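Below is one structure, written out as structure tokens, with a few remarks after it.
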Amino acid sequence: MSSPRDRVNAFYKDNLQFKNTRVVLNKEQLLIERPYMLLAVLFVMFLSLVGLLAIAGIRLHRAAVNTAEINSGLTTSIDITKSIEYQVKDVLTPLFKIIGDEVGLRTPQRFTDLTKFISDKIKFLNPDKEYDFRDINWCISPPERIKINYDQYCAHTAAEELITMLVNSSLAGTSVLPTSLVNLGRSCTGSTTTKGQFSNMSLALSGIYSGRGYNISSMITITEKGMYGSTYLVGKHNQGARRPSTAWQRDYRVFEVGIIRELGLGTPVFHMTNYLELPRQPELEICMLALGEFKLAALCLADNSVALHYGGLRDDHKIRFVKLGVWPSPADSDTLATLSAVDPTLDGLYITTHRGIIAAGKAVWVVPVTRTDDQRKMGQCRREACREKPPPFCNSTDWEPLEAGRIPAYGILTIRLGLADKLKLTIISEFGPLITHDSGMDLYTPLDGNEYWLTIPPLQNSALGTVNTLVLEPSLKISPNILTLPIRSGGGDCYTPTYLSDLADDDVKLSSNLVILPSRNLQYVSATYDTSRVEHAIVYYIYSAGRLSSYYYPVKLPIKGDPVSLQIGCFPWGLKLWCHHFCSVIDSGTRKQVTHTGAVGIEITCNSR
């Protein structure tokens, strides 16, 4: 039997004993197992952190995208709101205010002043006080053997003086600058940049007709020293007709004149101040315009070719003469003009679209004429010009005098605009550089001297335009300036236009008239209807004498088709060159004739190196 001590020891043998017991730890095993556990815990924490960061990044990205979309929408809304506010506040409101002031305040006041001025001047016939008659001396002491209608003459004189005063005050606020101040790149030694600004803002009558959908055609617009003048045919249809079968259209010949103004829009605006609208008649088919001295003058005929004889025109040929002041006055007229005795050598004149000038109380135009002595004086010149590689005009059938073998000369048409002058049209003529087509002749006044610039437009894909000089006093002389070729064997002064090679640019469908800019150095502009681009365009070319290259700027058109006519007019305004165009096109889709008009401001800047 075991002893009690053995039983106690047996009870505690398999139990932990803390007293007097030594525990031996396996340190190597602990050192190996503990890092694995820590790494496992850290890896789990790292994965959790990465997951949280990924979730946070996705949410932040979504929030940023939503915020960007909201900001973009707000920015667009703000821009649209600002644009509308600008249009209403800075453009439309001042424009309507200006129009309202002009129509409601200034124009009636000017007419009131005009009426009062005329009444005061007429009272001199029975004066009740002292008058200063120095400005109308003819009303007091007319020259001998001159019979005038005192009432009419003095009223018209007073009206013209007031018109001059009103126009000068109106033009005083405009920003017309000489072209010499317009940067046309003359001082650039490197490359240049050409920029354009399009504008169709207008206070002209033609703009109102276009807005109403009336058909405008045969439009000619010319500018001169802050004024503009134009003429065109307009077809007015009955807009109140309920059925097309009951609609009708009436055609009118319209003449309008006005001033070019700055209305706070940054662009020049044609502001019509006077107009005349006449029912379309045979003698109003073809018209020539002249502008100057605050007047517009026009000569109109039924046909572009008129046979002449020593006594003047035949009875069936009528010349319609129209004169309009920049402001309406009793001196405005619409009447028939008579042709004074004609030089016996003249037998025909040919009229197209011609630009004339008004200077020294006379309106002057230049047109082609035929003379009976053409073969004797210019026959050798023509034969030599057509001998080797004859240009197209040698066998041309497109123009009546060339088809008949005639050699046209230059005819100067002059009509005096004085109130005491009879409306008689005089013609003098002289030969000069050969005239090879009937695209028109335009006359421009130089800044100094007594020479005039005479331009002949280019002939599309055939001949370049020419710039000649014309001297009226002491004797008529037409001399070549640029773009002509001398014929050495032609004898004397024999020149022809510069004809192009057969490799012409087929993308150029039509050329415009040549416009001389008012500068001391010869500068001129022409335009072409170009189809080389996806959108058809009018391409303006700016030339300066002495430069081998030109500047150009294309104006995209909203229409496409076959061009019928292209007429331009250019003038300096501010630091830009503004050109107005009227283009007629046979639409390629509808095959109907459509028109496009507008103005573009061209600015040429030098690129810094």
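Cβ coordinates are placed from backbone N, Cα and C, and glycine is handled just like the others.
These features come from Swiss-Prot:
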type	residues	note
TOPO_DOM	1-34	topological domain 'Intravirion'
TRANSMEM	35-58	transmembrane segment
TOPO_DOM	59-609	topological domain 'Virion surface'
CARBOHYD	Asn168	N-linked glycosylation site
CARBOHYD	Asn200	N-linked glycosylation site
CARBOHYD	Asn215	N-linked glycosylation site
CARBOHYD	Asn395	N-linked glycosylation site
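Looking only at other Cβ atoms within 10 Å, the busiest spot among the glycosylation sites Asn200, Asn215, Asn395 turns out to be Asn215. Put simply, Asn200 (N-linked glycosylation site) is 17 Å from Asn215 (N-linked glycosylation site) when counted between their Cα atoms. In the three-state DSSP classification, Asn395 (N-linked glycosylation site) falls within a helix. Looking just at the topological domain 'Virion surface' (59-609), the mean pLDDT is 81. According to DSSP, Asn215 (N-linked glycosylation site) sits within a strand segment. Under DSSP, Asn200 (N-linked glycosylation site) is assigned to coil, being neither helix nor strand in the three-state scheme. Separating the Cα atoms of Asn395 (N-linked glycosylation site) and Asn200 (N-linked glycosylation site) is a whole-number distance of 43 Å.
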